Amino acid sequence: MGNKPRSNNLHGQGDDLLCAEVPLPPDRCQRISVVESVESTPRRRRGPTCRSVSPCDDCVVLLDGIAHTTVPAGNATPLGCLVSPSLVFLRRFPANLAARLPVSASPVVMDPSLSSSPLRLSATPAGPGATLTTPKPTLVAAAGPGRQPTTTTTCLRAISPSPSPPTPVESFGFDALKETFSVDVAAADARPLDVPLAAPFTIASSRLVAVSNVAVRVELRSGAVGWGEAPVLPSVTAEDQPAALDAAGRACAALEGASAAPLGALLQDVASVLPGHAFASARAGVEMALIDAVANSIRIPLWRLFGGASDSVTTDITIPIVTPNEAAQLAAKYRGQGFQTLKLKVGKNLNSDIEVLKAIRLVHPDCSFILDANEGYTANQAIEVLDRLNEMGVTPVLFEQPVHRDDWDGLRDVSSVAMEKYKVAVAADESCRSLLDAQKIIQGNLAHVINIKLAKLGILGALEIIDAARKANISLMIGGMVETRIAMGFAGHLAAGLGCFSFVDLDTPLLLSEDPVYGGYEAFGPLYKFTNARGHGGFLHLDNDASK
């Protein structure tokens, strides 16, 4: 390309950003791949080798091995510009091509920390086999005013169009990001997160009057910030707040001391510092914050990162263990708010549980029931509950954790009777605290559903179990502890993006007396809508720190 690249002021980068246009033929897309990365300092390590390029109806640029699909938003609109001082590539799409591109893809803005040098785009002769009339560009670092080119900078080359038929591109997602995205943590810290409940929350195994969780904040050298939350419920998680705060603090210190590395490597480092179920909640909070920071850095919402199946979920809502009159009042309120599925906490007293069910049925006769015993029944009591509900003409859609977590025989017996006699699915919650537990449940046919809670498994642990359950055709439920919209928002994005959950139980932020989270998802009764905001979109104002 013989013309001089023109300056562009996209996204407030000003003169620090040099772009050039690569005209496209009228009816096709130029397939381009960047095969080498920029190294701005000796400390930053180059990522793995880049992957294959895109099919010709999707423009994909690979930066540090990550594929980013871009779609124009109008006639010949300049898009496909990865706004980063380390790589800027601008393309124009003709209107007829713009109309045919997939609407599910979205432009991506890369982490501006990858290099301190702006770039220039210079022309090189077309290589052998090139079929397009446009010259092949080569990206090289350019020194702006007052800058000196760094000796560690590597040229970025553009590959000529691949011959037909095109090789299918590997879909971009969280797995690819773990392998290829280099993360450099500038700061990380953990802080108490205390929020009162609107009313006491009683279940068979515990009673809460306030949330006493841990907030985690991670900041990358690019300035991108991510937030996570470690929800603690000692009857389910192994940690209380002091233990989770200490554990998360140790992991944050490890991140601050780590060199830049692929996301997956840093997540494994966190798992090494906080191994197993004993530190699962703290580990989940740190993982959330790190992943959210990366998603903020590349400016995509988590639901897209996790698969993009949907941008919304519909949740049930929980009625804790209360009197029949209180339960009826709550059920009437939730009916007015549009909740169709009520999750009823049971397991302390069988007769009282039946009376509560009767009271709810009177005010919300069309609702669907989920029973959650939180380990409160014996196997015989759990089966008796189903018998008595059947006499009332009530069939729950799910019976969650009817027996103690270690009563594997009882869990199998209840699951067998519930399905064979009443077609009621049984879910394992407290019984599933690790991949080994999940494999035992799957191989022994001990339950029909596995409840995924990030605080008892961590993010990577949860994804392992989700994968195992899907391969075994075991249904999935996603739930949470009593937590704010930070942790609940992350779980919601995960559920929406994967699109594989038969039951969604993400309601506890609705039980808080106040909402400390800014931004994040929008709740319309039972419907949670996830926008295209970066990451999970939520953040906290703590210690007058409003950064996001």
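Residue 1 is the first one shown; counting continues down the chain.
Glycine residues also receive a Cβ, built from the backbone N, Cα and C atoms like all the rest.
Unlike curated entries, TrEMBL annotations are predicted automatically.
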Q) Taking Glu391, Glu400, Glu464 as the options, which does TrEMBL list with Asp372, Asp429 at the Mg(2+) site? A) Glu400
Q.
Residues other than Asp372, Glu400, Asp429 within 8 Å, Cβ to Cβ centroid, of the Mg(2+) site?
A. Lys343, Ile370, Leu371, Ala373, Asn374, Leu398, Phe399, Gln401, Ala427, Glu430, Asn451, Gly479
Q) Expressed to the nearest Å, what is the distance separating Glu400 (Mg(2+) binding site) and Lys453 (active site, proton acceptor) at their Cα atoms? A) 13
Q) What is the total of other Cβ atoms whose distance to the Cβ of Asp372 (Mg(2+) binding site) is within 10 Å? A) 27
Q) For the binding-site residues listed here (Glu400, Asp429), which one has the lowest count of neighbouring CB atoms within 10 Å of its own CB? A) Asp429
Q) If you draw a 10 Å sphere on the Cβ of Lys345 (active site, proton acceptor), how many other Cβ atoms land inside? A) 25
